[in-house]
Structures are given as C-alpha cells and as structure tokens.
Amino acid sequence: MISFKPSKLCSPKQAAQVSHAVAPVVYQVHAARLGPLASIRLAAISHQGCASQQPTPLPGRRNFSTTRVGQLQDVFPAKETPFIRRTPPAWEHPGYTEEELLAVTPGHRQPKTVGDWVAWKLVRLARWATDFATGIGREQQVDMKNPTTSVTSQKPLTEAQWLVRIIFLESIAGVPGMVGGMLRHLHSLRRLKRDNGWIETLLEESYNERMHLLVALTLGKPGWLMKTMILGAQGVFFNAMFLSYLISPKISHRFVGYLEEEAVHTYTRLIREIENGDLPKWSDPSFTVPDIAVTYWRMPEGKRTMRDLFLYIRADEAVHRGVNHTLSNLKQKEDPNPFVSVYGANEEQHKPKAALKPAGYERAEVIG
Ligand SMILES: [Fe+2]
Ligand SMILES: [Fe+2]
C-alpha cells in the first residue's frame with residue numbers, strides 16, 4: 001500500500017500544494033489496479049502531509065486535499081543567510097528556441113563494433129529492468145521491434161508510473177558525466193597533460209541531469225522504498241561506470257549515448273501522452289511548472305506547461321545523446337572536444353550541433 005507518512009515540516013498551504021501534486025497519482029494507482037507487485041513498486045512515491053495540521057483520515061477516505069492550485073510550491077527553498085541574497089547556477093543553461101525544442105526526434109545509432117553491441121545490449125537490459133520495476137504491462141509497451149523510436153502503445157502510462165520512472169532514471173543519469181569528468185580531471189593531474197575541453201562538458205552534463213531530478217522531485221516525493229532503490233542503484237552504477245571508464249571510455253560514452261536515446265524516447269512518449277490528454281493532471285494547461293524549472297531554463301511567459309517542461313528536458317537529453325555518441329567516435333586521449341572548440345571562419349560547417357544528430361558525428365566530420 002502507498003504510505004502516507006506524516007511530517008511536521010510544512011505549512012497547511014504547502015501540504016495542500018504537495019497533496020495536489022501527488023493526489024491524482026495515488027488515485028490513479030488504485031484506479032489502474034496494477035496488481036500487488038505494482039502496488040509495492042508504487043509505494044515508492046509517498047505523500048508528505050502535515051500530521052500536526054491535518055485531520056486524521058477516516059478509513060476509506062483519501063487523506064489529501066483536492067484544493068486546486070495554479071502552481072507547485074518549490075520544495076527546495078533557498079537558505080536564508082544574513083548576507084547572501086541569491087546563489088545562481090554555476091552553469092547557466094544555454095536555452096533553446098521553439099524550433100530547436102520541436103526538432104528533437106527519437107533516433108537510434110546502429111551498433112557497428114563489438115563494443116557498441118555490448119553497450120547497446122546493456123542498455124536494453126536496463127530498459128527491460130526499468131519497465132519491469134515500474135510495472136509496465138504488455139499493453140503499455142511500445143513496438144519492441146523498434147523500442148527506441150516507437151512511441152505509441154495501446155495504453156498510456158499513469159502519472160504515478162511516469163513519476164517513478166523519471167525520478168529513478170534521473171537519479172542514475174547524473175552519474176556518468178561526473179565519473180567521466182572526474183577521471184579525465186585526475187588523468188590530467190597525474191599525467192601532467194591537457195584535457196582539451198572534455199571535463200567541463202561532462203561535468204555540465206551531470207549538473208544538468210541533477211537539475212532534471214530536482215525538478216522531478218517537485219512533482220512527487222519518494223518514499224523509503226524508492227529511496228533505498230536509488231541508494232543501491234547509485235552504489236552499483238557509480239562503481240560500474242568508474243571501472244568501465246577506466247577500461248574503455250569509448251564504450252562508456254557509447255553506453256551513455258544509448259542510454260540517452262532511451263531518455264529521448266521516454267520524454268517523447270511522455271510529451272505525446274500529455275498532448276493526447278492521457279494524463280489528466282499534466283495535460284491540464286493550468287498545471288504550471290515549478291519555479292526552479294522556470295529559472296533554470298528561463299522558460300518564457302505563456303510557455304510554462306508540463307508539455308513545455310518536458311520539451312526542455314527532452315532537448316537536454318538529445319544533446320547528451322549526440323555529445324556522447326560523438327565523443328565515443330573520437331580519439332579519447334588526443335582529440336579536442338568539438339562541442340566547445342572554435343572553428344576557422346571557413347570551417348564553421350563542421351561545428352557539431354549535438355541535439356540534431358541522434359547518431360552523433362563521425363570523427364572525420366568534426367575533427368577532419
Ligand atoms: Fe535527464
Ligand atoms: Fe540525459
């Protein structure tokens with residue numbers, strides 16, 4: 001069963017707002033009747049109400065507010081100190097135009113080498129495990145002959161399933177960039193060599209993924225089960241990435257490229273289900289996004305719906321996809337990072353635009 005864990009940390013207004021976000025999710029879990037296994041999985045998302053300020057729920061009644069709120073409360077209020085007013089992000093988001101947001105499409109790079117094939121199969125395994133863990137039934141599956149590009153299914157996912165999936169995946173997605181950046185940084189220090197601009201891009205990727213997670217956490221709070229799963233997954237994944245990046249950074253970047261293909265696929269499907277009105281809460285244009293997202297992506301007025309939010313996140317994932325597939329194609333120790341390099345006046349056509357090329361750039365296209 002889904003736990004409704006009391007907390008004394010929030011005001012009645014915050015409780016109503018958080019409840020507003022989670023209530024439909026909880027309701028849909030019951031409505032969907034996903035079976036006992038799914039119930040355990042979805043117990044991961046728990047409600048954080050205020051026991052001291054809310055009446056004890058009567059048996060058989062939902063103990064959440066149905067008060068409508070126009071905007072979610074940010075759940076990470078800035079710490080107030082005597083001197084500091086604001087802590088801006090270290091990496092400002094470059095932003096996207098409307099055309100760039102809409103131009104992103106799911107795509108798949110065909111494996112060419114044994115390393116590619118290993119990376120692809122590992123990602124397929126991860127996708128299968130995620131589908132299983134989020135209780136996705138057969139009718140909710142897309143065409144599994146084209147798992148990365150097909151986004152239609154007989155039945156949509158519920159908002160609860162989406163939340164579990166997004167929070168879990170984003171908590172994992174921030175790991176590889178940090179591992180790669182850290183190892184390249186250490187390599188530069190101990191070998192007394194330049195890095196050629198890779199470190200910052202990798203660290204920025206991990207920062208960007210963490211922002212996705214922080215935004216997702218404003219939509220629902222994980223319970224103890226999901227927190228435990230996240231803890232265990234990070235322990236395993238960090239160490240696996242650490243070893244694999246030491247052994248073969250090329251295959252590791254390919255693996256991340258394939259992982260990001262899945263991320264683009266996931267968000268494209270989510271956007272489609274929102275547009276179809278399959279997700280009652282998130283399809284509602286009056287359900288606007290949290291402040292943390294508006295500030296980070298500088299989302300313009302009138303473009304702050306959940307669809308808009310996931311368009312931004314999807315574009316970020318498309319950038320990671322193109323960057324990692326491209327980096328995998330380069331000579332790891334000597335090639336400069338083409339995404340931050342300055343090109344000659346007549347060579348601008350070789351400058352890569354990561355989001356637009358799902359399979360990434362071949363070495364000859366960007367290095368020459
Ligand atoms: Fe992400
Ligand atoms: Fe990503």
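Numbering starts at 1 and runs along the chain as displayed.
The backbone N, Cα and C atoms fix where each Cβ goes, glycine too.
Take the Fe cation 2 site that TrEMBL assigns to E209, E317, H320: the candidate from E260, E261, E262 listed for it is E260. Record note: TrEMBL gives E209, H212, E317 as Fe cation 1-binding, and the candidate from E170, E273, E275, E362 in that site is E170.
Within the same chain, residues at least 6 positions away in sequence whose Cβ sits under 8 Å from that of E209 (Fe cation 1 binding site) are E170, A173, G174, G177, H320. Apart from E170, E209, H212, E317, the Fe cation 1 site neighbourhood in this chain, defined by C-beta within 8 angstroms of the site C-beta centre, holds L169, A173, G174, N208, R210, M211, L213, A263, I313, D316, H320. Ligand 1 lies within reach of E170, E209 from the binding-site residues E170, E209, E260, H320, judged by a C-beta closer than 6 angstroms to any of its atoms. Among the binding-site residues E170, H212, E260, E317, H320, residues whose Cβ is positioned under 6 Å from ligand 2 are identified as E260, E317, H320. Listed in sequence order, the residues of the same chain lying 6 or more apart from E317 (Fe cation 1 binding site) and placing their CB within less than 8 Å of its CB are E260, A263, V264, Y267. A count of other CB atoms within 10 A of each Cβ picks out E260 as the most crowded of the binding-site residues E170, E260.
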